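Asker: According to Swiss-Prot, the protein carries these features:
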BINDING   ALA61, GLY62, PHE63, ASP64, LYS65, SER85, ASN139, ASN170, LYS214, SER242, GLY266, GLY295, TYR316, SER317  FMN binding site
BINDING   LYS65, ASN110, ARG111, MET112, GLY113, PHE114, ASN170, ASN175, ASN243, THR244  substrate binding site
ACT_SITE  SER173  active site, nucleophile
Amino acid sequence: MIRAFDQLSLPLLRWLDAEDAHRLAIQGLKLLPAVKPRADDAKLAVRAFGLNFPNPVGMAAGFDKNAEVPDALLRLGFGFVEIGSVTPRPQSGNPRPRLFRLERDEAVINRMGFNNDGAEIVLRRLAGRANQGGIVGVNVGANKDSADRVADYVRLIETFAPVASYFTVNISSPNTPGLRNLQQASQLDDLLTKVLEARDRVRRKAGDTPVLLKIAPDLSLAELDDVVHVARSRGVDGMIVSNTTLARPNSLREQMRAKEQGGLSGRPLFRLSTRMVAETFVRVEGAFPLIGVGGIDTGGAALTKIRAGASLIQLYSSLVYKGLGLVESIKADLTSTLLRTGRESLSEIVGADAATITAEDWPV
């Protein structure tokens, strides 16, 4: 089914404007039959944040912003899905065009600006799938015109606690002016204190929903020191490393398209984000797990991200170029690696190469 979907959709979608193609992909997923997914190899199971993931491959936030197709994605083999980013009130985001393919680089630049249907509508959709099962996280953000962004995050935690498998506090999108300032130590401390207090207030009716922090790959190591210190001190359950980058590597082939403003994702982000995973892993010192994101487009890339320190991984931009069949391909490669090396689970290799990657001889 997945192969047929890719064969039919990928050539067509390439001819469309990137955002129109994304919209068509969402509509196509709504039409897929509700077929039970193939059971994953037990070796791929991951226990993290108090949750049991059937496999480590997740759909990153940004694809299903409005919780329209989380169950279709789970049926296609993802171990978990992260919807959003969601803001308290609906917002249209930045003007189009705002999504660009760099095809020769297998990359994407976006300046979407947290366009979404708002908390009320997204909550209704998630509540409607309450008995479906599967891990569906909610990525939360602040409205662009908010007078109190911390209050936005608190409101979203309280709103979505009954339906979220976990929360991602997104303070690292480059497309909302000033949002990344929340990564500064004093502001981050205040934000996480209030977010975790909100989570604790609703614990009785919603359970102990994990709260993760998503960071940018463009932090300096000193800034990363501060972020990890605050995250550990306040007791977050995990971190997602990383969001898109504002950097433009000299290696990009599509230099004219690379001049578009926004966050760069896809293959050119791989080394930068993997280095940031490793740097975060050594600073976290096992206090909580990490999800690695950025440029994962093969089983080998997934393995590298895991060995850098990621317990779980997420995909998005690579699916634009490789199709949804990439999910099963990565899982098959990871299973083969475990069998070949005689290991029982991926947890045995998480962070195995972190020290090497953080060394000077593993340049970005």
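Note: Cβ is positioned from N, Cα and C throughout, glycine not excepted.
I would like each feature placed in context: is it buried or exposed, what are its neighbours, and how far apart are things?
Answerer: With a cut-off of 8 Å between CB atoms and residues at least 6 apart in sequence, the same chain places LEU102, ASP105, GLU106, ALA107, VAL108, GLY295, ASP297, SER317, SER318, VAL320, TYR321 near GLY266 (FMN binding site), listed in sequence order.
According to DSSP, ASN170 (substrate binding site) sits within a strand segment. Taking the Cβ of ASN170 (substrate binding site) as centre and 10 Å as the limit, one finds 28 other Cβ atoms among all the protein chains shown.
All protein chains shown were included, and the count of other CB atoms within 10 Å of the CB of SER173 (active site, nucleophile) stands at 25.
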Asker: With substrate as the bound species and LYS65, ASN110, ARG111, MET112, GLY113, PHE114, ASN170, ASN175, ASN243, THR244 as its recorded binding residues, calculate the greatest Cα-Cα distance and give it in Å as a whole number.
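Answerer: Binding-site diameter by Cα atoms for substrate: 16 Å.
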Asker: Taking the Cα atoms as reference points, how far is TYR316 (FMN binding site) from ASN243 (substrate binding site) in Å?
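Answerer: TYR316 (FMN binding site) and ASN243 (substrate binding site) have their Cα atoms 11 Å apart.
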Asker: Through the lens of DSSP with three states only, how would you label GLY266 (FMN binding site)?
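Answerer: Once the DSSP labels are grouped into three classes, GLY266 (FMN binding site) ends up as strand.
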Asker: Would you list, in sequence order, the binding-site residues among PHE63, LYS65, ASN139, LYS214 whose CA lies within 10 Å of the CA of ASN170 (substrate binding site)?
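Answerer: Candidates kept after distance check: ASN139, LYS214.
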Asker: Using a 10 Å cut-off, grab the number of neighbouring Cβ atoms around the Cβ of ASN243 (substrate binding site), all chains included.
Answerer: 28
Asker: Can you give the largest Cα to Cα distance in Å, as a whole number, for the residues ALA61, GLY62, PHE63, ASP64, LYS65, SER85, ASN139, ASN170, LYS214, SER242, GLY266, GLY295, TYR316, SER317 that bind FMN in the record?
Answerer: 20
